[in-house]
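**Student:** Encoded as structure tokens, here's the structure I'll be asking about.
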Amino acid sequence: MNKQSWLLNLSLLKTHPAFRAVFLARFISIVSLGLLGVAVPVQIQMMTHSTWQVGLSVTLTGGAMFVGLMVGGVLADRYERKKVILLARGTCGIGFIGLCLNALLPEPSLLAIYLLGLWDGFFASLGVTALLAATPALVGRENLMQAGAITMLTVRLGSVISPMIGGLLLATGGVAWNYGLAAAGTFITLLPLLSLPALPPPPQPREHPLKSLLAGFRFLLASPLVGGIALLGGLLTMASAVRVLYPALADNWQMSAAQIGFLYAAIPLGAAIGALTSGKLAHSVRPGLLMLLSTLGAFLAISLFGLMPMWILGVVCLALFGWLSAVSSLLQYTMLQTQTPEAMLGRINGLWTAQNVTGDAIGAALLGGLGAMMTPVASASASGFGLLIIGVLLLLVLVELRRFRQTPPQVTASDS
């Protein structure tokens, strides 16, 4: 009898050509967006010498992403999903070309950067929602956990590589190179995506887009299972906003500039380990309970993080948070895809991703407010323990999620 390994199985990339194409396109896209993420704040800072102006660009892009996720969810449930993905990627690339041309001007326009940031934020998130909605059809619902873990690794790897490349390009060629290569990378992603099969949405009655979006909201609120998953995801994202306290906590621990980097690397490293060791997660009989417990553990790790007497112990707490949050996120992703009707996948994925974006912004704002009234240590601990208390209450209240059981997929020779 074959025994399921703890390690992530990458065989999905070999057996499912469509998922392999998405994997390749996603990795190139993450690297391209990383080049953009380095260039935009640097260019605005050089032009204005104002951190407020840099923050404004991030806020505007985030707002456009939120709207794009909402619109993308409706479009993904009404139109052929492959066309939505290709349209979003191509249109996003046009925005990158605009940023490149603007950077080459003798006096680049700040307004153009803001407007193109809105453009790219909207269309980038539009494609994300359609791709999420199409994933079950590409890999089969029984392989969603494996696909989610591979995707998480892709995101983490790309997020590490792209800032390094972006920094080197800034040092050697300036921001125009970053924008130009980001545009080239985005158009290159169209090549593997063109090989995807047609991804039509399920047949459903035509209705006004706002009414369609409201139907998604109603489903989310009416379903204790799916609604509970989305709520946990938002709270977990709020906890990850603890990174806004890193500089202040680094002063408290008397860390050097080089050591501060370990704080920023700890959560992604823990999450990567969580994805790599997720081989048995799909075989959990009670994924809802495991999701709740891993989320509680993540909140506890954040609660203890700021209380550590040495920075290295704080890094361990952050890595533990990254690992537990990866476990919870993979379970959230898989259960959301399997428990949502096919006709609702676009809207529910859009709402789930949007609440993750919103949760991060709310968490950062709350921690900033606490930081004005408390010490950094007290702020980190108070936020963590507050979320832990809410998590315990949800463990008691979300009865359907806690008691949810599933039949584990059969282990085959190729899975072991």
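Numbering starts at 1 and runs along the chain as displayed.
Note that Cβ sites are derived from N, Cα and C of the backbone, with glycine treated the same way.
Sharing the features that Swiss-Prot gives for it:
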TOPO_DOM  1-21  topological domain 'Cytoplasmic'
TRANSMEM  22-42  transmembrane segment
TOPO_DOM  43-55  topological domain 'Periplasmic'
TRANSMEM  56-76  transmembrane segment
TOPO_DOM  77-83  topological domain 'Cytoplasmic'
TRANSMEM  84-104  transmembrane segment
TOPO_DOM  105-109  topological domain 'Periplasmic'
TRANSMEM  110-130  transmembrane segment
TOPO_DOM  131-156  topological domain 'Cytoplasmic'
TRANSMEM  157-177  transmembrane segment
TRANSMEM  179-199  transmembrane segment
TOPO_DOM  200-218  topological domain 'Cytoplasmic'
TRANSMEM  219-239  transmembrane segment
TOPO_DOM  240-256  topological domain 'Periplasmic'
TRANSMEM  257-277  transmembrane segment
TOPO_DOM  278-287  topological domain 'Cytoplasmic'
TRANSMEM  288-307  transmembrane segment
TOPO_DOM  308-313  topological domain 'Periplasmic'
TRANSMEM  314-336  transmembrane segment
TOPO_DOM  337-356  topological domain 'Cytoplasmic'
TRANSMEM  357-377  transmembrane segment
TRANSMEM  379-399  transmembrane segment
TOPO_DOM  400-416  topological domain 'Cytoplasmic'
**Student:** Would you mind splitting the topological domain 'Cytoplasmic' (1-21) into helix, strand and coil residue counts from DSSP?
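**Tutor:** Grouping H, G, I as helix and E, B as strand yields 9 helix, 0 strand, 12 coil.
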**Student:** Considering pairs 6 or more residues apart, do the transmembrane segment (257-277) and the transmembrane segment (179-199) have at least three CB pairs under 8 Å?
**Tutor:** no
**Student:** Report, as numbers and ranges, which residues of the same chain sit near the transmembrane segment (379-399): CB under 8 Å and 6 or more residues beyond its ends.
**Tutor:** 224, 228, 231-232, 235, 238-239, 242, 245, 249, 288, 292-293, 295-296, 299-307, 363, 366-367, 370-371
**Student:** Let me check one thing: do the transmembrane segment (56-76) and the transmembrane segment (357-377) come into contact, meaning three or more Cβ pairs under 8 Å with sequence separation of at least 6?
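**Tutor:** Between the transmembrane segment (56-76) and the transmembrane segment (357-377), contact is present.
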**Student:** Need a quick answer: max count of Cβ pairs under 8 Å to the transmembrane segment (84-104), which of 110-130, 288-307, 357-377 is it?
**Tutor:** 110-130
**Student:** Where, among 22-42, 179-199, 288-307, 357-377, do we find the most CB pairs under 8 A to the transmembrane segment (110-130)?
**Tutor:** 22-42
**Student:** In the topological domain 'Cytoplasmic' (200-218), how many residues does DSSP call helix, how many strand, and how many coil?
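**Tutor:** In the topological domain 'Cytoplasmic' (200-218), the DSSP-based counts are 10 helix, 0 strand, 9 coil.
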**Student:** Could you tell me what the rest of the chain brings near the topological domain 'Periplasmic' (240-256), counting residues at least six beyond its ends with Cβ under 8 Å?
**Tutor:** 263-264, 267, 302, 305-306, 310-311, 314, 321, 325, 359-364, 366-368, 371, 375-377, 379-380, 383-384
**Student:** Using DSSP, what's the helix, strand and coil tally for the topological domain 'Periplasmic' (308-313)?
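**Tutor:** Across the topological domain 'Periplasmic' (308-313), DSSP assigns the residues as follows: 3 helix, 0 strand, 3 coil.
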**Student:** How about the transmembrane segment (157-177) with the transmembrane segment (22-42) - do they touch, taking at least 3 C-beta pairs under 8 Å (6 or more apart in sequence) as contact?
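**Tutor:** By the criterion, they touch.
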**Student:** Six or more residues out from either end of the topological domain 'Cytoplasmic' (77-83), which same-chain residues have a Cβ under 8 Å from its Cβ atoms?
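**Tutor:** Same-chain contacts beyond the ends: 130-131, 133-134, 193, 196-201, 204, 206, 209, 212, 343-347.
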**Student:** For the topological domain 'Periplasmic' (240-256), how many residues does DSSP put in helix, in strand and in coil?
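**Tutor:** Tallied per class, the topological domain 'Periplasmic' (240-256) gives 14 helix, 0 strand, 3 coil.
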**Student:** Would you mind listing the long-range same-chain contacts of the topological domain 'Cytoplasmic' (200-218), meaning Cβ under 8 Å and 6+ residues beyond its ends?
**Tutor:** 70-71, 73-74, 76-81, 133, 342-344, 346-348, 350-351
**Student:** Going along the chain, which residues at least six beyond the ends of the transmembrane segment (314-336) come within the CB cut-off of under 8 Å?
**Tutor:** 144-145, 148-149, 152, 225-226, 229-230, 232-233, 236, 239-240, 249, 253, 262-263, 266-275, 278, 281-282, 284, 287-288, 290-291, 294-295, 297-298, 301-302, 304-306, 308, 348-349, 352, 404
